[in-house]
Amino acid sequence: MTVQGVKFSGVGAATPRQCLTNAHLSALVDTSDEWIQSRTGIQERHVAAPDQRLVDLASEAAGAALQMAGLDPTAVDLIILATSTPDDLFGTACLVQTRIGAVNAVAFDLTAACSGFLFALVTAAQYLRTGAYRSALVVGGDILSRWVDWGDRRTCILFGDGAGAMVLQASDVDQLLSFELRSDGRLNEHLTLAFAGTPQTLGENLAIAQGGFAPITMNGREVYRFAVTQVPEVIEKALHRAGCTVEEIDWLVLHQANQRILDAVAERLGIPQEKVISNVGQCGNTSAASIPLALSKPIQQGHIQPGDLIATAGFGAGLTWGAALFRWQ
């Protein structure tokens, strides 16, 4: 089997029309715009309407990415949807496949929380590198507003909804220079969206648990400590594998958890703020969508140029984290 390279040829994004401001949240819980901004950098976030589904946002982002890449949907071989909030627990990727007309694509969901897009991107790249497929559509999307406790000011201020997508294609030159993925289930309790079942008796000495998922719970202090120590390490590991230095990085694109984490990671790596891409102020933490959402606008506006070296890192529940180093197009 011939090993081939990977190039990144299109990106797209989608957010709901509804905008939830800090002022809105101040009417729901004991908080304020100043309190939220000083701790997170978030000013507003978008939330899906009751009739809006993940497939809607994911398909919109996918369509924009395909258009940028100049790739017909029928030419897509693989679709990976990174999400923790599917419309259907059996999977939403196939719904996206049908919606966009990618009739020839294999489609499946991947769950790695806020690390999901990065894990999906690396997974898709391996399919292309082996020659099994020629093109892949990687989508990250979440509607976390479904699973937030809107009475818990520690979490309800953080999350927004959205989707982002990227097109990967086989290439003679490999633009994915390196990656480093990590997981540690011992830290799982710090960030969960767990099943909460109620026992139901089916017969004598026979019972099951039925129920749904409890709202998101998070130990913010531990997640912050984890992110600012582990994320710089995996970025440095990816740089070492690629034979690159921190100084060669043109753009740092992290999972948009909150501005304090972005600033702390950049400072630890010695990366100046002008190289750090952030949209957390306008979008909040959009989980698996955050990296492609953050990339979309600067690419469309021409700030990110072909050949630019991008260091990206995701981190989240699991706990999972990782980094990838790639050149745009």
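Note: Cβ is positioned from N, Cα and C throughout, glycine not excepted.
Taking the Cβ of CYS114 (active site) as reference, residues of its chain lying under 8 Å away and at least six apart in sequence are, in sequence order, HIS255, ALA257, ASN285, SER287, ALA288, SER290, GLY314, PHE315, GLY316, ALA317, THR320. Residues or ranges marked as active site in Swiss-Prot: CYS114 (among others).
Annotated active site per Swiss-Prot: HIS255 (among others), in sequence order. All protein chains shown were included, and the count of other CB atoms within 10 Å of the CB of HIS255 (active site) stands at 33.
Swiss-Prot lists ASN285 (among others) with the feature active site, giving sequence analysis as the kind of evidence. Neighbours of ASN285 (active site), defined as other CB atoms within 10 A of its CB across all chains, total 24.
According to Swiss-Prot, the feature region 'ACP-binding' maps to 256-260, an assignment based on sequence analysis. Residue counts for the region 'ACP-binding' (256-260) under DSSP, split into helix (H, G, I), strand (E, B) and coil, are 2 helix, 0 strand, 3 coil.
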Self-check item: Reduced DSSP assignment, ASN285 (active site)
Solution: strand
Exercise. Tell me whether CYS114 (active site) sits in a helix, a strand or coil according to DSSP.
Key: helix
